[in-house]
Amino acid sequence: MESKYNWQPLKEYKEILFSYYEGIAKISINRPEVHNAFTPRTVSEMIDAMELARQNPDVGVIILTGEGGKAFCSGGDQSVRGHGGYIGEDTVPRLNVLDLQMQIRRIPKPVVAMVAGWAIGGGHVLHVVCDLSIAAENARFGQTGPKVGSFDGGFGASYLARIVGQKKAREIWYLCDQYNAEEALNMGLVNKVVPLVDLEETTMEWCRKMLAKSPLALRMLKSSFNAELDGQAGIQQLAGDATLLYYLSDEAKEGKNSFLEKRQPDFSKYPKFP
Ligand code: S0N
């Protein structure tokens with residue numbers, strides 16, 4: 001679909017597009033002929049782009065989407081599914097989309113799924129793990145695992161259940177039905193539904209709203225939301241952010257400076273908050 005924004009390519013890939021516009025990075029699966037099903041290569045390219053977006057100080061928000069307007073992502077490419085995983089060019093079977101899921105969850109910037117058309121199977125899980133999901137009216141959601149001989153018992157099951165509730169999550173997985181955008185909105189699976197022609201504009205509007213907010217506050221909120229659910233790893237992420245904030249303080253700098261200056265630290269002037 002034509003974009004009215006002047007997206008600047010950030011890096012060339014074979015199976016995805018990676019571009020930038022005014023603080024926003026966009027990662028888009030570019031395999032519309034298979035409804036943006038992912039191969040190990042698609043996923044490793046997304047992982048690379050996501051890491052670049054994380055490290056780029058100009059990027060505040062990331063959009064995850066698919067090219068063509070007919071599919072966000074239809075999950076793992078079944079034509080390369082082999083014995084023990086999806087087979088890449090190196091002939092090794094793997095399920096590297098799990099690494100991408102973790103990356104989306106841990107990247108300290110909001111990730112917004114911009115969903116047109118199918119979000120199915122592992123493609124559905126990708127939008128589930130994004131911070132926010134904005135859907136076009138043509139969006140269709142569902143899991144297919146038990147139909148095609150697979151299942152995602154990680155975020156695809158437990159985090160989905162946190163979002164839509166246990167009964168609904170079990171229904172989604174056990175029946176493998178498909179749900180339209182309105183149904184997805186009603187079960188809290190997406191944040192907003194708009195006509196397809198307005199999808200990019202609305203997503204950009206939401207991204208701009210977040211870009212105008214305090215990046216540290218957004219970062220702390222993301223790790224706080226995760227901490228409740230992610231056990232020790234979630235606490236580690238939140239604690240890492242707390243350490244980042246502490247590093248910024250004069251009090252922490254006094255500790256480092258005293259070491260470098262070979263003297264005892266003097267913390268006496270720092271407040272002991274109630
Ligand atoms: C999306 C569907 C419902 C669309 O139907 P429609 O509109 O009738 O289009 P089609 O004619 O079916 O599709 C158009 C062309 O695209 C190809 N295609 C579509 N999806 C895939 C796919 N996933 N892999 C390969 N090709 C695909 C079609 O073959 C067709 O091509 P041509 O024209 O050449 O025939 C419908 O397409 C559909 O049901 N697709 C399959 C959805 C699916 O089952 N996906 C895989 C689900 N599993 C995963 O994603 C696993 C990965 C995963 O995330 C995971 C993670 C953790 C732990 C486990 C797993 C796991 O589940 O293994």
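Heads up, the Cβ atoms here are built off N, Cα and C, so glycines get one too.
Listed in TrEMBL:
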BINDING   74-78, Tyr86, 118-122, Thr144, Ser150, Tyr247, Lys262  substrate binding site
BINDING   Gln143, Thr144, Gly145  hydrogencarbonate binding site
SITE      Tyr86  site 'Important for catalysis'
SITE      Tyr247  site 'Important for catalysis'
Centre the Cβ atoms of Gln143, Thr144, Gly145, go out 8 Å, and tell me which other residues of that chain have a Cβ in range of the hydrogencarbonate site.
Gly75, Ile120, Gly121, His124, Gly142, Pro146, Lys147, Val148, Ser150, Phe151, Asp152, Trp173, Cys176
10 Å Cβ neighbour count around Gln143 (hydrogencarbonate binding site)?
29
Gln78, Thr144: which of these binding-site residues has the sparsest Cβ neighbourhood within 10 Å?
Gln78
Distance from Thr144 (hydrogencarbonate binding site) back to Gly76 (substrate binding site), taken between C-alpha atoms, in Å:
11
For Tyr86 (site 'Important for catalysis'), what is the secondary structure by DSSP, using just helix, strand and coil?
strand
For the recorded sites listed here (Tyr86, Tyr247), which one has the lowest count of neighbouring CB atoms within 10 Å of its own CB?
Tyr247
